[in-house]
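Below you'll find the structure, written out as structure tokens, and then a few comments.
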Amino acid sequence: MVHILDELRWRGLLAQSTDEEALRDALSAGPVTVYCGFDPTAPSLHHGHLVQLVLLRHLQLAGHRVLGLVGGATGMIGDPRMSGERVLNTKETVGEWVERLRAQISRFLDFEGENPARLVNNLDWTAQLSAIDFLRDIGKHYRLGTMLAKDTVARRLASEEGISFTEFSYQILQGLDFLELNRRYGCTLQTGGNDQWGNLLSGVELIRKAEGRTAHALTTPLITKADGTKFGKTEGGAVWLAPDMMTPYAFYQFWINTDDADVIGYLRTFTFRSREQIAELEEAVADRPFTREAQRALAHDVTTLVHGQAATDAVVAASQALFGRGELAELDAGTLEAAVDELPKAVVGTDAPAVVDLLAEAGLVAGRGAGRRAISEGGVSINNVRVTDPDAVLSVDQLLHGRWAVLRRGKRTLAVAERPNG
RNA sequence: GGCAGGUUACCCAAGCGGCCAAAGGGAGCUGACUGUAAAUCAGUUGCGCGAGCUACGGGGGUUCGAAUCCCUCACCUGCCA
């Protein structure tokens, strides 16, 4: 039996940890209670959080007790980041986002059976805490020298913008969370991204000073791309897990487009496939890269994990229909309808709408000017036939089955112009 | 509270009265080559078909003319209290 730490390392989920031998023994000795926090800084989690959720799932599957923490309190303060001071969101907004995140995290964990996961909110133990108690009971354990030495704090201090006391204090709040979960549930392990290392240690040290007990921290590496660009960037920004912020179709397409150089690493990290299965896919990439088997497996598994089997079946079918070799005109109405259902839409309201208007309405281009530019660059096609005239209009006979025309910008960005039925 | 410096397009950054819809770099987008990949090369990137319109932190002024000069407000940074 492979030790969970070795498995995580092979999966590329292990960057660093506190005393690895001690952690290894603790994980072998029996169930360890572990937590990972998620701050509500947006209405949805994204690709970065996905790594943490996969890690928690591995730990739960290995028999450990998992706590998912939503940062109702920390989300109101803001973790300092290099790009500068955050703009605070209203308490109402943070509250709404907390609820959305709770639902998202729940999908990844099992709340049934003999080892159920649990969701907690750090607002529960910080909202009532008075400033005096905070400064006396918690603040006394913190040394300014250590706090100032934290990488982000130090760099922000040295930057032009500086750092507010609010964000500077963030590390204490996160330390307090770990202490509280240690007291309440015997939690002895906190996980997070490697950029969270300092914040995780804050809790480990606080538990040692306040309780005299040992706790552990474990971080995942930053996910990188072979070409050096940032992982998880799309036209719309991040890769969101919420279907109302990124459609399952777009989500699937993101993973399908993974570089050859990255796909095997991502299969290890983001899927639960066995070593044998991944080895086979690695051969496939080397021998017949044009079949994109590894990319398909990756996109299928991750989409299923996040959006469920039914949504995945729909987007896989749609992708095959739209990117298949066959003629779009030969697709039957049912298949085409299911496929275009996944795409952004523009409504055909008149008999001869301008193509640029349809492009803009569907969100394929930023505006009419950008649409004209795209057409003159040769970057727009309707039903896979290139459009050459910026003033082109859509004619009724271009509508497949009398209802749909597939708009394409560039090689792989699709939308549909649809004429309402009846 | 005082003094000094700063705020330019997605990001960094030049510009210091007309030649500025604004240099340069990054990033994005499109094409060629391909495999819904990468690399490379080329084009392109405020809105508008166009006349033109709106823009250089907000507001007000000087001027024939302001991103550029003056006043004021907001925010950021540094030094002093």
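Cβ atoms here come from the backbone N, Cα and C positions, even for glycine.
Note that TrEMBL annotation is computational and uncurated.
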Item to check | A:40-44, A:110-114, A:180-184, A:230-234 - the one TrEMBL records as motif ''KMSKS' region' | outcome: A:230-234
Item to check | C-alpha spacing of A:LYS233 (ATP binding site) relative to A:GLN174 (L-tyrosine binding site), in angstrom | outcome: 28
Checklist entry - Does DSSP give A:TYR170 (L-tyrosine binding site) helix, strand or coil? => result helix
Checklist entry - What residues, ordered by sequence, lie under 8 A Cβ-to-Cβ from A:TYR35 (L-tyrosine binding site) and sit at least six positions away in the same chain? => result A:VAL66, A:LEU67, A:GLY68, A:LEU69, A:VAL120, A:ASP177, A:PHE178, A:LEU181, A:CYS187, A:LEU189, A:GLN190, A:THR191
Checklist entry - From the Cα of A:TYR170 (L-tyrosine binding site) across to the Cα of A:LYS233 (ATP binding site), what is the distance in angstrom? => result 27
Next on the checklist: Which one is it: of the binding-site residues A:TYR170, A:GLN174, A:LYS233, which Cβ has the fewest other Cβ atoms within 10 Å in this structure?
Outcome noted: A:LYS233
